[in-house]
Amino acid sequence: MRNPRGTRRDSTKPDPRPGWRSPVTRALTPGWRRSRAIRRSTALLLVVSAAITAVFSTRSDDPWAVTLARPVTAGAELSREDLDLVRVPPGLHPEGTLESVDAGVGRIVVTSVDPGQVLTTSLLIDPGATARMLGGAEHSSGRGRPTLVPLRLAEPAVVPFLVHGDTVTVLSAGDGGPGADSDAVGPGVDAGFHVIATGARVILTAPPGDRGGQSAATVLLALPEEDARRVAAVSLTSPVTVVLTGPRAAGAEKPV
């Protein structure tokens, strides 16, 4: 029934057309079909974005590099859980970088390494480590091939001051055996000491308290085979120690 002219509809009465909404109301409150379509479109957009990101990541030209996934200590044998394979910009890709996890598994690190550090051959003990360290002219006198020898020092307090790559002289307080030189000790050293070997390179050290039941005073040295045999023989019967004689003894920051 139409309202008489001059009167107004009572706004408190319900709309006689149930379900009717203005165009503005319909636009601001979409129905469940439109809501479902919006959700599906958003999900599809996210999937496409993730796929594009993945494609561009795999097409990166940056070379692969093996990095440490967690901290490891000197002397630790690396496992797959210790290593990650990531892409590294060429400017952060040092010489000797390992490019596959398999190349690092089972290798032994010569120094403590922090997570995220790129793993290089210089941080590992490998068949060529001693050859590289003893490749100078001082070891070309026919004393045999490069050899590794573990040495227990008479004074464990010396060990923490040694780092991988240091050059040291091996001394003994007893009979130095054949080839030992009692006159080459140098000033300030008791004449009772004998020089067992010179130019030894530190490969690995075991800090005091490390490695459980093994001696905390043990160091792994690289020497020519003839010198290594003499050092090993003397250490069985006499106390031995080392003195730092390489570049670090002269104030250099890193061994060369």
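Even glycines carry a Cβ here, placed using N, Cα and C.
Here is what TrEMBL says about this protein:
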| type | residues | note |
| --- | --- | --- |
| REGION | 1-26 | region 'Disordered' |
| COMPBIAS | 7-18 | compositional bias 'Basic and acidic residues' |
| DOMAIN | 66-124 | domain 'SAF' |
Query: Under the DSSP assignment, what numbers of helix, strand and coil residues are found in the domain 'SAF' (66-124)?
result: 12 helix, 17 strand, 30 coil
Message: I'm checking region-level scores; what's the whole-number mean pLDDT for the domain 'SAF' (66-124)?
response: 89
